[in-house]
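Q: Quick one: the structure is below, and I'll ask about it shortly.
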Amino acid sequence: MATLEVLRFPDERLRTIAQEVAHVDDQVRVIIKDMLETMYDENGIGLAATQVNIHQRIVVIDVSEERNEPLVLINPQIIKKDGTTVSEEGCLSVPNSYAKVDRAETVTVAALNEQGEEFVLDADELLAICIQHELDHLQGKLFIDYLSPLKRQRIRKKLEKEAKFAE
């Protein structure tokens with residue numbers, strides 16, 4: 001297993017639309033293991049493959065307290081949304097930035113697991129929010145895209161300044 005580099009906004013590769021996974025095989029399972037290791041190493045609760053410059057429809061999530069209940073979603077699709085909720089979100093690709101985002105309160109998602117088997121999952125609370133956030137990444141969308149242009153520009157400038165200091 002390997003820790004992967006997480007792309008940071010404003011990296012344009014984050015805007016890539018992910019492609020369907022044609023076959024769930026050992027190569028895909030290695031990607032999943034590396035993504036989980038990266039997510040845990042970065043103290044995240046979710047990670048989309050596009051965030052680590054792999055442009056396939058793969059998401060890993062773990063919202064459990066003990067960080068021992070990983071959820072793998074391959075080729076996920078939200079098939080039902082209900083209600084609305086506002087949540088404060090952050091993102092490994094937009095470090096140290098948080099904003100309130102409107103999301104569906106509950107979602108039903110259809111996906112493949114790491115054995116390539118289809119399943120359907122009903123999610124609410126943090127899991128529903130995380131699923132929506134990560135699936136946005138697969139479409140090249142970031143949580144800051146829900147913000148006003150002014151707020152988005154402030155975050156961009158802040159991250160560019162932090163990147164200069166890190167060099």
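The backbone N, Cα and C atoms fix where each Cβ goes, and this holds for glycine too.
Keep in mind that this is a model prediction, so the values were computed, not measured.
What Swiss-Prot shows for this protein is this:
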type	residues	note
ACT_SITE	GLU134	active site
BINDING	CYS91, HIS133, HIS137	Fe cation binding site
Q: List every residue in the same chain as HIS137 (Fe cation binding site), at least 6 positions away in sequence, whose Cβ is under 8 Å from its Cβ.
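A: Spatial neighbours, sequence-distant, of HIS137 (Fe cation binding site): LEU14, ALA18, ALA48, THR50, GLN51, VAL59, SER93.
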Q: Are there any residues in the same chain, six or more apart in sequence, whose C-beta is under 8 angstroms from the C-beta of HIS133 (Fe cation binding site), and if so which?
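A: Spatial neighbours, sequence-distant, of HIS133 (Fe cation binding site): GLY46, GLU89, CYS91, VAL101, ARG103, PHE143.
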Q: Around the residue listed as 'active site', which residues of its chain at least 6 apart sit with Cβ under 8 Å of its Cβ?
A: GLY46, LEU47, ALA48, VAL59, ILE61, LEU73
